[in-house]
């Protein structure tokens, strides 16, 4: 019988196959221990998302919401959302509810790049201060819970952080001074908390920020001038705070600003003409302040406003004629001011209801019942 000899090519394949097998890593035992401690501080009774987190399975391969580095076996991502299109939510036909707190053991996951534990409605306690030791962290999203306490004072140590979302919690205290060291930050959302104090004067050093959502807090002081240098800023929401002073003229020079919400503050003075002539601005809500003067007559063929709300101020004078030359105005509310004169006819006024003009000093004409 002829003896079968392995060819050089088949031997090479065997070496490659063995090499590939050798680099497939299982979950780091240290990380698995940290995840078990993390799980033990949380309770999710409805969906059973922790059912896959078994001692007998590999956390990198079978644990819901966990991702690992394929080479090192270190845990890199925890992604657990209480509202999701994932099959586990669709099958249950409901959003999730989770209670408990964030165990400091999560800080032992030193390769973590993303920590998402959002929209569970019932997670309480404070953010562990040691979270600032996770040097690789790029995403921290804990929105939609009942987390208390302050933003960790040393948050600025997270030099790679790109997303910080702590919205819709019960947090207090001021914006830490170190936060302005997060030079990679692109998205900051602290909406609907109890954050106090002023916006840091050097806030504009966050040059990469495109979204700043700080509405529904207790912020005071004025809008820092340093924000004028944030050339990537597209969305700025400071609504429902206690911001005072004038709307800065430089806001009209922010080329990519598309959403500006300053509703329900204590802003005074006139509306800068440069702001309303900014052709990139899509949504502007300046309502419920103490703004005075006339509505700037600066609209034109490049004006494209999805929504313009100037209601509940002390604006006087006439509705500017140039508004009729705007390319598009979807929603307009100038009610509850001191405006006078005839409401222009034609676009965009022909599709607006009386509520857009009500409670002014002496406006007249359609759609109001007051004739001129």
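Cβ coordinates come from backbone N, Cα and C, glycine included.
What Swiss-Prot records for 1-26 is signal peptide, and it gives sequence analysis as the kind of evidence.
If one looks beyond the repeat 'LRR 1' (136-158) by at least 6 residues along the same chain, the residues whose Cβ comes under 8 Å of a Cβ in the stretch are 76, 82-83, 102, 110-127, 129, 164-182, 184, 189-190, 195. The repeat 'LRR 1' annotation in Swiss-Prot covers 136-158.
Under 8 Å from some Cβ of the repeat 'LRR 2' (160-183) lie the Cβ atoms of residues 113, 118, 127, 135-154, 189-200, 202-203, 205-208, 213, all in the same chain and six or more residues away from its ends. The repeat 'LRR 2' feature in Swiss-Prot is assigned to 160-183.
Among the features that Swiss-Prot reports, repeat 'LRR 3' is placed at 184-205. Only residues 6 or more beyond the boundaries of the repeat 'LRR 3' (184-205), in the same chain, are considered here, and those with a CB under 8 A from a CB of the stretch are 138, 143, 151, 159-175, 177, 211-230, 232, 237-238.
What Swiss-Prot lists as repeat 'LRR 4' is 208-230. In terms of DSSP secondary structure, the repeat 'LRR 4' (208-230) contains 5 helix, 6 strand, 12 coil.
Sequence-distant contacts of the repeat 'LRR 5' (232-254), counting only residues of its own chain at least 6 positions beyond either end whose CB sits under 8 Å from a CB of the stretch, comprise 186, 191, 199, 207-223, 225, 260-278, 285-286, 291. Per Swiss-Prot, repeat 'LRR 5' is recorded for 232-254.
The feature repeat 'LRR 6' is assigned by Swiss-Prot to 256-277. Long-range neighbours of the repeat 'LRR 6' (256-277) within the same chain, counting only residues 6 or more positions beyond its ends whose Cβ lies under 8 Å from a Cβ of the stretch, are 210, 215, 231-249, 283-296, 298-300, 303, 308-310, 315.
Within the chain carrying the repeat 'LRR 7' (280-302), a Cβ under 8 angstroms from the stretch's Cβ atoms is held by residues 239, 247, 255-274, 308-323, 325-327, 333-334, 339, all 6 or more beyond its ends. Residues or ranges marked as repeat 'LRR 7' in Swiss-Prot: 280-302.
Residues or ranges marked as repeat 'LRR 8' by Swiss-Prot: 304-326. Across the repeat 'LRR 8' (304-326), DSSP classifies residues as 5 helix, 10 strand, 8 coil.
Tertiary neighbourhood of the repeat 'LRR 9' (328-350): same-chain residues 287, 295, 303-319, 321, 356-368, 372, selected by CB-CB distance under 8 Å and a gap of 6+ residues from either end. Under the heading repeat 'LRR 9', Swiss-Prot lists 328-350.
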